[in-house]
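Q: Among the features that Swiss-Prot reports, domain 'tRNA-binding' is placed at 39-148. Swiss-Prot lists 423-498 with the feature domain 'B5'. The Mg(2+) binding site feature in Swiss-Prot is assigned to D476, D482, E485, E486; the stated evidence is sequence analysis. Annotation comment: Swiss-Prot describes 724-817 as domain 'FDX-ACB', evidence class sequence analysis.
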Amino acid sequence: MKFTLSWLKQFLETSSTVIEIAEALTAIGLEVEEVIDKAAELQKFEVAYIASTKPHPSADKLKLCDVETKSGMRQIVCGASNARAGIKVVLANIGIEIPNGKFKIKESIIRGEKSCGMLCSEEELLLASESEGIIELYEDAVVGENFTKYYGLDDPIFVINVTPNRGDALGVYGIARDLAAKGIGILKELEIPEIKSTFTSKMKLNVQDKEACPLFTFREIRNLKNKPSPDWLRKLLKNVGVKTISSLVDVTNYISYSFGQPMHAYDADRIKGGISVARHCEKCSDEAISGQQKEIAAAALQPRNDVAKFHALNGKEYLLTENDLAIKDESGIQGLAGVIGGAKSSCTDSTTNIILEAACFNAKMVAASGRRFQIDTDARYRNERNIDRNFTEKALDIATNLILSICGNGEVSEVVKFGEKEPQKKPLDFSAYYLEKITGIKLSIKEIEAILNELGFITDVKGEIIKVIAPSWRHDITILEDIAEEITRIYGYDKIESIKLPELDQDNNKLREYKRISSFKRILASKGYDEVVTNSFMSSEDAKLFAELKEELFLLNPISIGDNYMRPTILPNLLSIVSKNLARSIKDMAFFEVGPSFIDLNTEATYLTAIISGSYNNKNPHSLGRGYDIFDLKGDLELVVDYAGLSIDKCIATNGTALPQYYHPTRAVNIGLGKNLLGHFGQIHPKILKYYDINQEIFAFELNITNLPLIKAKFGKREEFAVSDFQANFRDYAFIVDQDHRVGEIISYINNFNKKLVKSVILFDIYSGDKLPESKKSIAIKIELQADDRTLTEADLNLFSQDLIAAIEQKFQGTLRE
C-alpha cells in the first residue's frame with residue numbers, strides 16, 4: 001500500500017514529521033517498508049520548452065531540438081518519437097546524473113551535432129518501469145521551474161506492508177484513523193454534501209446470488225465533460241504508481257486508495273437494457289426475477305456462442321466459467337466482478353454519461369477468479385480482503401461529488417441498490433483483568449474505552465465489564481484476544497515491561513536428567529549408533545509378544561488399525577526398523593531411541609533402548625570385519641552406565657527376577673541396583689526374530705532411565721588422566737574357579753587389587769571340559785602392569801604374582817592352572 005504525506009493530511013490533522021509517522025505506523029502493525037523521497041534524487045531536473053525541431057542531418061531517427069531553458073536557448077539531440085515543437089519537457093542539464101543507468105550528462109557531439117543536455121522519460125527518472133517517449137508536461141508548467149515541485153515529487157511516499165486481515169488499512173482514511181488513535185494527530189470528519197437526484201434511472205438492476213454479491217449500488221450521471229484530472233489528483237495518483245487516464249477513471253482510483261472501496265465507471269451509452277450480476281451460465285429462476293427484471297436477465301443470460309467471452313480493460317480476452325461472477329447487460333459481459341472491468345463499456349474522452357458503481361463481492365469468489373486468470377488489480381486486492389459494506393454508499397456519494405466538481409454539474413439519478421448494510425456484530429464482554437491476564441498491561445476501564453473508541457469500536461461499560469462491538473470495517477475482530485491485540489498495538493508493544501526470567505537451578509533434577517540423557521545420546525552416537533524416533537503406539541498383535549495386554553492401554557481412537565496400543569517397550573519398533581533395513585539389503589545396523597514405555601495406565605517410564613546387528617568393521621577395505629557379539633553391546637552399555645556413576649558389573653541383577661520372554665533365556669541378563677530393576681541386555685529370542693522375518697542375530701539393551709539414580713558427583717570434573725613414562729609389562733594368568741563365580745566379578749576384583757600397578761585386565765579365554773572337574777572352569781586373563789614412578793623389575797613382577805595368586809585363592813578359592 002502506497003500513499004503520500006499530503007494524501008494522509010487530507011484526513012489527518014497532524015504536525016508530526018515523516019520519521020515520527022513512519023515509526024508510529026510500524027509500531028501499530030502497519031510496517032513501513034520504505035519512505036520514498038524522490039525530490040532528493042531529482043532536485044536538479046527542471047522544466048523546459050521545445051521551441052522548434054528539425055531532422056538530424058546524419059541520422060533518420062534523431063531530431064535537433066531548440067530548447068528554451070532557464071539559462072537560455074540550447075540545442076539538444078533527441079531520439080524520442082514524441083519530441084516536437086510546442087511541448088513542455090523535463091531537462092537534465094550538463095553534470096546531472098540520470099537515475100536509470102547512473103551516468104552523468106556531458107556536452108557531447110552526436111553524429112556531428114552538438115547536444116547540451118538531455119530530455120528525459122519517466123523510465124529514465126525511475127518514475128515508471130517503461131515509457132514510450134519523453135515526459136510531456138501540461139501547459140501550466142513554467143520554464144525553469146523545479147520539476148519535482150511541479151510534478152508533486154516533493155511529497156514523501158510511504159510504502160507499508162498490510163497484513164491480509166487489515167483490508168481497512170488499504171485506504172488512506174483507515175490508516176489515518178489508526179494514527180489518530182496512536183496520538184499522531186486528529187482524524188478529520190468526512191463532510192459529504194447531500195446529493196439531490198434530478199432524474200430517475202431507467203437502468204434496472206438484477207443480482208441473482210446474494211452470497212456472491214451482498215451489496216451492489218450505482219447511480220447514473222449525465223451531461224459530463226470527461227476532461228483531464230486536476231493537478232492535485234494527477235500528482236497523488238502518479239506518486240503511488242497509478243496511471244492517470246481521465247477524470248472519471250482517476251476519481252474511481254482515488255476513492256479506492258482513499259477509502260479502500262473499489263469503484264467502476266461504465267459508459268452509460270454502451271450499456272444495453274440494464275445491469276445483471278450472475279454467474280455467466282446460470283439460468284434465471286421465476287422466484288428471483290419478476291416483471292421487467294425477468295426480461296433484462298433473460299436477454300443477458302441467453303445462451304450464445306460468445307456469452308462466456310470477456311474482453312477486459314487490459315486488452316486481453318478471457319473465457320469465464322460457471323464459477324466466475326460476471327456483470328452483464330443485454331449485449332454480454334461487461335466486467336469480471338470485483339476483479340476488472342470490460343473494454344466494451346469503458347469510459348473514453350468522449351464519454352458524457354456514466355453509470356458509477358460501488359459494490360461488495362464475495363471475497364473468496366473474487367480471489368478464485370483472480371488466481372484462475374492471473375489478473376492482479378487494485379480492485380481484486382481490496383475485494384478479496386473484504387470491503388466495509390456500511391461505507392459503500394458513502395463512497396458512492398463522495399465519488400459523485402468529486403466527479404460533479406471536476407466534470408461539470410451534470411444530472412444525477414437516485415441510487416439504484418441491491419442488498420443491505422452489514423448488521424451490527426454481537427458484543428464481546430471485555431475487562432481490564434482479562435487484558436492484564438494475557439498481556440501484562442495494566443489499564444483502567446476508561447483508558448481501554450478511550451483506545452477502542454478512537455479505533456471506531458462501540459463500547460458500553462457495565463461495572464468492571466466493558467461490552468465491545470467491533471466496527472463494520474474490522475471483519476477480523478471475532479474473539480476477546482483480538483480486542484486485546486488492538487489495545488496492545490495502540491498502547492505500544494515497546495511499553496510492555498520486560499520480566500527477567502528466573503535463572504536455571506543447575507541442581508534441578510529435571511535439568512540434570514535432561515543433561516544426562518543428552519550425554520547418553522552423545523556417547524552412543526560416538527560409538528557409531530544412529531538415533532531414531534518412533535511412534536509411541538503400536539499394534540496390539542505385536543505388543544502381546546512382549547508383554548501381557550492390558551485393557552487400559554488400548555487406544556479409544558487410534559490413528560490407524562495398526563497403532564491401537566501404547567507400547568510396553570521400544571524394542572518392537574526397533575525390530576521393525578531392522579526388518580525393513582534387511583529387506584533393502586542393509587545388514588549392518590546400530591541404532592538407539594530414548595522414549596517412553598507404558599507399563600499400565602499410571603506407570604510410564606523413559607527408556608534408553610539400543611540394538612546392534614551385523615558386522616562391526618564392514619567399512620574397512622583392509623578387513624573383512626567381524627560380527628557384532630554380546631560383548632560389543634556390553635561395552636557400549638558399560639560406557640552409559642559408567643557415566644551415570646555406576647559399575648556395570650555391580651548392576652548385573654542377581655535377585656532372581658525373570659528375564660522378559662523376548663530375550664534368549666541363556667544369553668541375556670537383567671540389570672539392577674539392589675532390588676531396583678534397571679533393565680536388560682542380551683540376545684533377542686529367535687522366535688521373536690522369526691516373527692519379524694529377521695535372519696541374523698540381534699543384540700539389545702533396555703535401560704530404565706526413570707529408575708536410574710541421579711548421582712551428583714558424576715556431573716563434576718573428572719581427574720586428569722596421567723600417562724606413565726615407564727615401560728609397561730604384561731603377564732598372563734589362568735585361574736581355576738567354581739562354575740558359579742561370575743567372571744566379571746573376578747576381573748573387577750583384579751582391577752582394584754593394586755591400582756598403582758594394574759592398568760588393564762583383559763579376558764581372552766574361558767574353558768570348561770574333560771580336563772577339569774565338572775564344577776570348575778578356567779578363566780585366562782592378560783594383565784597390564786605399569787608403575788608411574790619407576791620401571792618394574794623382575795622382583796616387582798614376581799611379588800605381584802605371588803600376592804595376586806594368594807588373593808584369588810582366599811577370595812574365590814581359585815588356583816593357578818598348571
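These residue numbers are counts, starting from 1, taken along the chain as shown.
Using N, Cα and C of the backbone, Cβ positions are placed for all residues, glycine too.
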Q: So of D476, E486, which of the binding-site residues has the fewest other Cβ atoms within 10 Å around its own Cβ?
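A: Among the binding-site residues D476, E486, the lowest count of other Cβ atoms within 10 Å belongs to D476.
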Q: So around the Mg(2+) site, D476, D482, E485, E486 aside, which residues have their CB within 8 A of the centroid of those CB atoms?
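A: So the extra residues in range turn out to be N165, R474, I477, E481, I483, A484.
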Q: Have a look around E485 (Mg(2+) binding site) and count the other CB atoms within 10 A of its CB, chains all included.
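A: So the number of other Cβ atoms within 10 Å of E485 (Mg(2+) binding site) is 16.
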Q: For D482 (Mg(2+) binding site), which residues of its chain lie six or more apart in sequence with Cβ-Cβ distance below 8 Å?
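A: In sequence order, A470, D476 meet the Cβ cut-off.
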